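Participant: Found this in Swiss-Prot, in case it helps:
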type: ACT_SITE; residues: 285; note: active site, proton acceptor
type: BINDING; residues: 328, 334, 364; note: Fe cation binding site
type: BINDING; residues: 343, 364; note: homogentisate binding site
């Protein structure tokens, strides 16, 4: 299927899979076209400020309210805030990539939580998951009432069949599924990647300040699907994440039956290669906030519930400057992943599909080999190519799960990358 998309970030879109399916001039007519059922999906409170208000009107074959009760569903490796099962540690942590199992595993059953913070009940905080899967979701869909999902593919392509349309994504792209939107994930082969579950306010573009009206992630490069529906009348399992637990119910039809919709709440994707990277053209390494793609704010201005930050291919031209990211202690907590290539502050040990966690005020920075190379490098203009690292950064301490602290992929010798620095020599 050759997919079509609508361009723009949080635009008010209008789309119909069947001509004439959208009502004209009102949202909820007495008799919608073709006998469709009108349903509003609200992503914010009715009275949220207009510039932040997000909702869409859906016109579907059957009302989504027509289903029976849900029952608990067990998935042991998926966890949610509050993360109290493991004692938080100030230690720097790094994980090798998790292997994709040979046994059949779909997207939902393949979710593994490494760390998180906050509490789903208070709609604050985030969780960092991995996904490992080798088969499509068959006659089952998923919805998350606890938060929106930012999905970062690392290995293999995925198709997201959602209530509001179909999105294809591959490594180098990201997909955001709003809270409550139902979807199915289809695969052509084994896949692996990362998920940021945002319990707080929805992701939005960061303010640009003195950068001006253009730069970083530009609105036009975000793609939202056009309406697409399926009329399937056979038992379909609907799995819902609610207050940290999973629940399952069986519907007598597919809930992906929205024929038309309009509004500004919808899933979308973004090609990270479109990011207009900013950097110094004189000296020093700017703060990594210049690499922010999306931000979900907290109640403190300028302090994020969670930021999504990337370290893409870019030119390094700073004069008389140590060019990689510097040594740092941060009031924010940083969970990092690597889609492809290498990260310029780590010469080894950080592999695509792996992850690291540097919590609040944990000392971190370049390893010995990277520091030596950058300190002695010829400072002619140099382009970092074939790389894509990223970071989920949050104002709260990110607590690793019990699984993350006990898995064999946790590197026992991570601290060793900072041993062997020679002492400075004073006159």
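Placement of Cβ uses the backbone N, Cα and C atoms for every residue, glycine included.
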Participant: At the level of the C-alpha atoms, what whole-angstrom distance separates residue 343 (homogentisate binding site) and residue 364 (Fe cation binding site)?
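Facilitator: Cα-Cα distance, residue 343 (homogentisate binding site) to residue 364 (Fe cation binding site): 14 Å.
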Participant: Would you pick out, from the recorded positions 285, 328, 364, the residue whose Cβ has the largest number of other Cβ atoms within 10 Å?
Facilitator: 364
Participant: What's the number of neighbouring CB atoms sitting within 10 A of the CB on residue 343 (homogentisate binding site)?
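Facilitator: Taking all protein chains shown, residue 343 (homogentisate binding site) has 25 Cβ neighbours within 10 Å.
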Participant: Including all protein chains shown, what's the count of other C-beta atoms within 10 A of the C-beta of residue 334 (Fe cation binding site)?
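Facilitator: The Cβ of residue 334 (Fe cation binding site) has 21 Cβ neighbours within 10 Å.
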Participant: Round to the nearest Å and give the CA-to-CA distance linking residue 328 (Fe cation binding site) with residue 285 (active site, proton acceptor).
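Facilitator: Cα to Cα, residue 328 (Fe cation binding site) and residue 285 (active site, proton acceptor) are separated by 12 Å.
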Participant: To test your reading of the Fe cation site: which residues beyond 328, 334, 364, same chain only, put their Cβ within 8 Å of the Cβ centroid of those residues?
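Facilitator: The surrounding set, listed in chain order, is 325, 329, 330, 358, 362, 363, 365.
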Participant: Under a three-state reduction of DSSP output, how is residue 334 (Fe cation binding site) classified: helix, strand, or coil?
Facilitator: strand
